[in-house]
Amino acid sequence: MGILGLSKLIADICPQAIKESDIKNYFGRKVAIDASMCLYQFLIAVRAEGAQLTNVDGETTSHLMGMFYRTIRLLENGIKPVYVFDGKPPISKSGELAKRAERREDAQKALEKATEAGNEADMDKFNRRLVKVTKEHANEAKELLKLMGVPYVEAPCEAEAQCAALVKAGKVYATATEDMDALTFGSGILLRHLTFSEARKMPVKEFSYAKVLDGFGLTSQEFIDLCILLGCDYCDGIRGIGPKRATELMNSYKDIETILEKIDRKKYTVPEDWNYQIARELFVNPEVADPSSLELKWFDPDEDGLVRFFCGDRQFNEDRVRSGAKKILKCKSSQTQGRLDSFFKVIPAACGTTPKRKADDKNNVQQKKSKTAGNTKGKRPK
């Protein structure tokens, strides 16, 4: 879920914090990508006749095809991707996970009815709702990335939190995910739609964390409280308080504790045993691996290894796999030039440097004039 309604709220309150961009504008950038979100996209998008792609044994291969070709597209655009995988979810997320399980059960029942009725549109819709990224999907993706020479990070907990930590440490430029809580975790830049297929023709949406805080007039701590009021993965919001009202309350009272003192409890229903303080702590001090201990390196692809991985039981076309491996190698060699702004830095002039230079120039001119004047003796004027 991320943060309920945050994207629209930012667009309404501070549209200057969002800009649309083309994927090619991130040439030379290192980007931390929410791997689970990507795998989910690939599982629901890479389909043949309404079903996921599988091998002869019925094992799903959609996620691998998506990961392979979408990563190549990123590399071809000069982006250096770092995939970040989820670890164990925090206990506070159990409520949200239970809701997701319940929604899948409802989708399963709806799918059965749609199948009986022969309603293909509904069958496809509910099939998508049943998609879940498994541990096996993640492990296969890690094996593939290793063969492609692309680094990945296993987060101890939430992938978005780890991505944000990498951004804050300067290890990467941005977080790429569809979940808005990357901003709540403090990612300086959030990129949405970066891993969407080219066929969808959707521009990359770039969110600036600094501009979001400035636009809302909130500190990072206050912004976290706003996100909790909106509703997050760790706890529900307060019934009756929508995005606009939540923003007004935060601007007036600055924290949830004061809001709870001031609001009319008869008008607004506060959840029983509301664990907003736990949610706040998870955003302020998330469990992440120390970015300084993570070495992010991109290697040459293992072409033969990729062929063995794809062309055995998974039955991919060998020529296409080898072609993909060669594209990765070509991208790696072209990326060595990097971005121009990584080579040149603007160094501010020391105080007083410019006036001194002008004074020196003036003195030099005077000296030259003196010398010239001395040399004109005995010369015929022109």
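Even glycines carry a Cβ here, placed using N, Cα and C.
Going by Swiss-Prot, these are the annotated features:
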REGION    1-104  region 'N-domain'
BINDING   D34, D86, E158, E160  Mg(2+) 1 binding site
BINDING   R47, R70, E158, G231, D233  DNA binding site
REGION    95-118  region 'Disordered'
COMPBIAS  96-115  compositional bias 'Basic and acidic residues'
REGION    122-253  region 'I-domain'
BINDING   D179, D181, D233  Mg(2+) 2 binding site
REGION    336-344  region 'Interaction with PCNA'
REGION    353-382  region 'Disordered'
COMPBIAS  364-375  compositional bias 'Polar residues'
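Locations of recorded Swiss-Prot features on the structure.
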residue	record	DSSP (3 states)
D34	Mg(2+) 1 binding site	strand
R70	DNA binding site	helix
D86	Mg(2+) 1 binding site	coil
E158	Mg(2+) 1 binding site	coil
D179	Mg(2+) 2 binding site	coil
G231	DNA binding site	coil
Inset, instruction - With D233 (DNA binding site) as the reference Cα, tell me which of the binding-site residues D34, D86, D179 is the closest one. - result: D179
Inset, instruction - Inside 10 Å of the Cβ of D181 (Mg(2+) 2 binding site), count up the other Cβ atoms and send me the figure. - result: 24
Inset, instruction - Go ahead and report the DSSP secondary structure tallies for the region 'I-domain' (122-253): helix first, then strand, then coil. - result: 69 helix, 16 strand, 47 coil
Legend entry - C-alpha spacing of D179 (Mg(2+) 2 binding site) relative to D34 (Mg(2+) 1 binding site), in angstrom: 9
Inset, instruction - Could you check the binding-site residues D34, D86, E158, D179, D233 and say which one's CB has the most other CB atoms within 10 Å? - result: E158
Inset, instruction - Anything within 10 Å of D181 (Mg(2+) 2 binding site)? Look among the binding-site residues R70, D86, E160, comparing CA atoms, and list what you find. - result: E160
Legend entry - Nearest recorded site to G231 (DNA binding site) by CA-CA distance, among binding-site residues D86, E158, E160, D179: D179
